[in-house]
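Chemist: First the structure, which I've put down as structure tokens, then a few questions once you've had a look.
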């Protein structure tokens, strides 16, 4: 082995003294003892310092990802998601609460019905083995309706929101207290898995003037009130917060010692490639968009939170797709390459706690969404909306698996970052070194991070056997396009050491006390690694096109492989086993743990290659019992304890053989059956807008007289009465306004507000007089209507009906922006009265607590329950939405079909909608009572709508409803297709008893005609 003395090419290290054990450079003077070790004064179970979090005295690399239980309201599916997150090597997951989902009115909280019982997340987390980052709000943003505020809060009657206004604090107290109380039963301090608890969300309001550090006292009192409430309701774990960007610098005890409202650990949110597919939304925060341009966070954390871990409660996991965005989202610059480059870049900046937003996005079903986004909340996440995993998941997994076993990564100092570490100025490396063990991690990246060139280089490193330039003997390290690589040195594997490897470390396990380490590199790449303490090495198995060369040198064995394809196994006489895999092979490498410890102890891990997904492993005598998913029949190879003789897969024993190097092999078969899909032919139809006719009777329970002449809303209407729907207890989606006037009028002026992409139509005495078709950049639709082509009763009563499609309440300070009519005037007459209808029962009567307060709007079909099973459509006419109808109207179509999905299969299905007639239509798709699609082709491009199991009945009948609103007189035609997304043989069966999620129609609906 060649060594190089006097590393003149690392100027940052030139003045550092020699270290023990032959290391040529020293870490900076900082050591863990230099930095204060913090706890919150209530418990020392969770501690933290400059380097990382500690749990029960052990340092933890927090690799987490966000899911939203309220965007996937089926708790059986939560287990599928958390098993996938665990399988990806994560140590934690995060979730937001949603106050609106739990609170229909200011007297009601529901944490029990259906998926409202979020405590099941903690139970699954404990079983699977994940810590939990709990984020209750009360405001969460999340592109959710009103940012997660309950919609009854948006009227203005509760004062200034997100402030210390006593009306607001009193309103939030029941929710926040109960959420804290329920979480307190699952804290890591009492044997649960809740690790930290977030106060508010992206509330960077600590300063009136940050440069002068003039505090915003009201914001401080608000934060302190939330913190006091959390503590009073049993939250003993650390309190955290997430700054929205690097400018606000709020709530850190390091930055503002002693300030009111500070939290225990301050974090930062960042979306360097934009949180939206519309890049223009981010230029104000991020500046001009440059694909793959990384951001300097290192200096921010040094300034704002130097005695705390560098922590991202949110780091970009994808982007949401706004109205008008591309079908399927925008994965182009935020796919697998993004995950590779940006997440390793965080490592280079000493980040030891990160949660990806989102890991699984889910769906904006019902009225979940804010106006900024449509039905899909796929977010281009590692786990797709239909729960499928692919390259981005695998790329993220490969890094997370490494961080879970790289104990030395939790205590590092950054010694330098420059191109001087490499032999190619186009490549920069950052050196992180553990000041105790002297292990190091060199994170390599293009010097211009946005570069997509292929660059070969060698790397100057400092190790326990001297200063080296690697690879020493042949080949080079290569960055292929948008790529970063972490080169580890003096990597501890139990009591053995991998001195260095030019391939990345994927994971390792101690099998019968001996390390098996898995390395990964690009297909066709060359690799060099040095195993310390060995004197001989041998090739045990190889699918490679070139053989290995072994050299005994410098207290170990250096191994060179010229070209890597597939997987090879190398054995060394000190007990170390090295598995070398190319990237596609490494994508299908797994390390399930035999315990449910989130730390995943390496002596209880099993290493597995082959399947699409491995969800878990257990030892049952001499059987390694594996569970997971398989897409294609494949060979499975397992590195497990020598007492294991046989493999089983999803409960079935496999014909197993042992390789000469000790692993177990078997064949597993995939699901090769077919799932017959129903034809959607037998539709029935009914009139969906009887309210447009003047003879319609609006004296029933569905209607409220709109007679308010004042409003607490800060936005005052231009005309009276007040026609804001929230004033009258209606909040969701579809609303109706009936305005009466006597005698002649020639037209009307209307200003209607409903959020971005919303629409409205107006009928006079049953005749269409105008439609606002929607605009992706406007939340207000102003129109002058002419009555020239309508029937006006000059000597009688006239009725103007306005149907409004509300796309949700705005975010942040816009939550109180009203929904409804801002101005309504007539030419030649005056309105004499108004009535408003919305969801059946309004906010005060909950007809469907299981689906919850955001499930329905005010369509006739919704109020009367036509979308529910148990409703009889026997007297409806037969007609298909693909045939359609003429004229401006709303029709409701209904059909039923069965599904019979096999046991032990995870299958996913979606509906595809296509407007074959005019695009000026607004369509809602209902599946077993859940609105799971808003299809608005005039303003949006989304056409495919995945439906999760549980919402779909996989073992029986499914009721499908389709509301079709033609906004023009040329009518509408809509094709509906039901497709299979995938079907895999799985230990997690998508067929389960979900009847509890689908309460049926009841007669009380009849009152809301």
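Any Cβ shown, glycine's included, is placed from N, Cα and C.
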Chemist: So which of 29, 547 shows up as N-linked glycosylation site in Swiss-Prot?
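Modeler: Comparing 29, 547 with the record, Swiss-Prot tags 547 as N-linked glycosylation site.
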Chemist: In DSSP terms, helix, strand or coil for residue 330 (disulfide bond)?
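Modeler: Residue 330 (disulfide bond) sits in coil per DSSP, no helix or strand.
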Chemist: Taking the Cβ of residue 202 (active site, proton donor) as reference, which residues of that chain separated by at least 6 in sequence fall under 8 Å from it?
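Modeler: Listed in sequence order: 141, 242, 243, 244, 269.
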Chemist: Would you pick out, from the binding-site residues 96, 271, 379, the residue whose Cβ has the largest number of other Cβ atoms within 10 Å?
Modeler: 379
Chemist: Look up residue 707 (N-linked glycosylation site) in the DSSP assignment and report helix, strand or coil.
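Modeler: Note: residue 707 (N-linked glycosylation site) is coil by DSSP, not helix or strand.
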Chemist: Cα-Cα, whole number of Å: residue 143 (substrate binding site) versus residue 467 (N-linked glycosylation site)?
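Modeler: That separation, Cα to Cα, works out to 51 Å.
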Chemist: Between C-alpha atoms, which of these recorded positions comes nearest to residue 775 (N-linked glycosylation site): 277, 467, 495, 632?
Modeler: 277
Chemist: Nearest to residue 782 (N-linked glycosylation site) by Cα distance: which of the recorded positions 142, 271, 314 is it?
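Modeler: Of all the candidates listed, 142 is nearest in space.
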Chemist: Counting distance between Cα atoms, which of the glycosylation sites 467, 593, 795, 914 is nearest residue 142 (substrate binding site)?
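Modeler: Nearest by Cα distance to residue 142 (substrate binding site): 914.
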Chemist: What is the number of other Cβ atoms found within 10 Å of the Cβ of residue 789 (N-linked glycosylation site)?
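Modeler: That number is 10.
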Chemist: Provide the number of Cβ atoms within 10 Å of the Cβ of residue 277 (disulfide bond), excluding the reference atom itself.
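Modeler: Looking across every protein chain shown, the total is 22.
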